[in-house]
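Shown next, in structure tokens, is the structure this report addresses.
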Amino acid sequence: RALGVIPGDGGGSPEGLGPSPHTAQGTCCPTCPPPGVFLIPYVLIALVGGIPIFFLEISLGQFMKAGSINVWNICPLFKGLGYASMVIVFYCNTYYIMVLAWGFYYLVKSFTTTLPWATCGHTWNTPDCVEIFRHEDCANGSLANLTCDQLAERRSPVIEFWENKVLRLSGGLEVPGALNWEVTLCLLACWVLVYFCVWKGVKSTGKIVYFTATFPYVVLVVLLVRGVLLPGALDGIIYYLKPDWSKLRSPQVWIDAGTQIFFSYAIGLGALTALGSYNRFNNNCYKDAIILALINSGTSFFAGFVVFSILGFMATEQGVHISKVAESGPGLAFIAYPRAVTLMPVAPLWAALFFFMLLLLGLDSQFVGVEGFITGLLDLLPASYYFRFQREISVALCCALCFVIDLSMVTDGGMYVFQLFDYYSASGTTLLWQAFWECVAVAWVYGADRFMDDIACMIGYRPCPWMKWCWSFFTPLVCMGIFIFNIVYYKPLVYNKTYVYPWWGEAMGWAFALSSMLCVPLHLLGCLLRAKGTMAERWQHLTQPVWGLHHLEYRAQDADVRGLTTLTPVSESSKVVVVESVM
């Protein structure tokens with residue numbers, strides 16, 4: 001792995017700095033905390049949890065030169081963490097691309113004179129469809145044919161386009177219905193695009209990401225300039241920044257913040273260790289991890305101004321409070337924002353820009369996830385099994401398998417399947433579980449000071465002691481605390497506040513979650529039971545690192561690492577920087 005690659009973050013919710021889609025039941029989250037107060041737990045958990053684990057996974061991959069499974073040769077007893085991350089990232093790769101497929105569908109539909117979700121009268125619209133939702137007009141009697149109560153019961157053409165045309169929503173999980181062929185073709189196009197961007201490895205992906213990771217910033221700036229010039233934008237930005245201090249007492253705020261941090265930083269997915277393994281051994285991963293973590297959260301914060309300036313305008317146009325138009329999860333990308341652009345001049349232009357940006361952001365996330373899965377998979381194959389086009393065939397099989405599973409999400413009942421994957425398979429619960437055991441394995445079993453020495457062996461100096469303290473104490477406590485809150489305050493999955501999943505649907509969801517979470521204890525117990533000798537001898541043997549050939553060249557022979565400062569630093573021109581902006 002001679003090419004230096006700085007891993008980006010692997011995903012996140014499309015709503016920017018706000019509650020994770022895992023906490024949104026359906027497309028609306030009426031109990032989500034105001035964004036202003038959300039910034040406080042977000043920043044605190046990023047400092048004590050997100051950034052330390054982000055750095056831990058990158059440096060671990062760089063030091064061990066292996067993917068998500070073999071990286072745990074540093075502590076073989078906990079290799080179950082690698083298998084768990086492979087399960088999680090496979091689930092993530094499977095369902096996350098649906099956001100791209102929907103975005104691609106909206107992008108195609110944007111190239112019209114009149115946006116199809118802006119008006120009623122289409123075949124998918126119902127008699128309850130109405131285009132005007134200004135409550136002040138209702139109060140003033142401008143709508144002669146409708147009373148205020150009747151208006152409240154009517155449906156927006158944006159919602160009907162989303163539910164009746166895109167999703168073709170059925171009665172429930174038990175009613176799968178037929179395939180939506182238009183969305184299926186969009187899904188196929190996304191997987192083909194992902195395949196040809198990933199099939200040659202990070203060398204080709206890195207070049208593509210130079211465009212896909214930087215162009216969204218151009219679109220964000222354009223949308224921000226347009227947004228702040230709209231009436232009501234200032235009210236939206238004030239709502240975004242003004243905290244409601246009483247909300248800090250709500251455990252859900254802290255759960256949402258922890259979930260959002262761990263998901264948007266791609267912690268526990270194995271993608272960071274996989275991409276970190278492509279770094280040069282003496283690459284300064286410490287500096288890179290800090291910079292990328294700040295870019296990650298900074299982009300989310302900046303995107304919040306874009307989103308809430310538009311939502312403020314939307315609230316002003318409709319004559320309602322901004323909390324009434326704010327959506328979470330898929331609702332923001334496919335209901336709130338499409339509704340907002342219908343109120344702007346030259347609406348198709350702004351719709352095309354937004355969904356093109358959403359597509360690029362999603363592609364970055366998908367690249368990282370697929371690369372992490374393929375790297376871990378290929379590392380399991382012995383060198384003697386190598387064959388020509390091994391990587392290309394492996395990526396093709398992975399994409400094909402995920403596409404087949406995705407067909408269940410483009411049926412009439414596909415949204416219910418998507419919500420199951422989103423709520424359980426890669427939820428905050430599973431990621432927090434992963435992060436907790438990663439800290440235990442590295443800081444307490446392998447040794448925090450020992451790993452700090454290993455990092456010094458790579459970069460020439462020891463990182464800030466704060467990292468060691470977080471790995472040893474703060475981060476595990478934060479992870480376990482939020483994990484317990486998640487379990488205690490668990491609520492069964494409900495779609496759109498109306499549809500309650502059947503018991504077998506809940507069972508499927510918990511099967512998704514437990515299929516990754518049980519990898520750690522089952523592998524640990526299996527290794528201990530199969531080993532020979534006393535329990536102390538088994539523990540000693542199973543926690544002994546398995547070093548690679550590169551360690552013989554680079555690892556210091558004595559404990560003093562100060563002499564390693566003469567290692568040749570990585571030149572800036574020799575690195576391909578994979579930076580993903582998360583919105």
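Each residue, glycine too, has its Cβ placed from N, Cα and C.
Just so you know, TrEMBL annotations never went through curation; they're auto-generated.
The shown structure was predicted, so the numbers you read here are calculated from the model rather than taken from an experiment.
Within the set CYS129, CYS138, the cysteine that TrEMBL bonds to CYS120 via a disulfide is CYS129.
Touching of the transmembrane segment (510-529) and the transmembrane segment (39-60) is ruled out by the presence of fewer than three CB pairs under 8 A, sequence neighbours closer than 6 excluded.
Neighbour density for SER264 (Na(+) binding site): within 10 A of its CB lie 27 other CB atoms from the protein chains shown.
The transmembrane segment (81-107) shares more Cβ pairs under 8 Å with 349-381 than with any other stretch in the list 39-60, 261-278, 290-315, 349-381. Taking the Cα of CYS120 (disulfide bond) as the reference point, the closest of the binding-site residues SER264, ASN296, LEU361 is LEU361. Residues 6-7, 9, 17, 71, 74, 241, 243, 248, 253-254, 256-258, 260-262, 265, 267, 272-273, 275-276, 279, 285-286, 288-290, 292-293, 297, 301, 435, 438-439, 442, 451, 455, 458, 463, 466-467, 470-471, 474-475, 478-479, 482 of the same chain lie 6 or more positions beyond the ends of the transmembrane segment (39-60) yet place their CB under 8 Å from a CB of it. Comparing 178-196, 261-278, 349-381 for CB pairs under 8 angstroms to the transmembrane segment (208-241), the maximum falls on 349-381.
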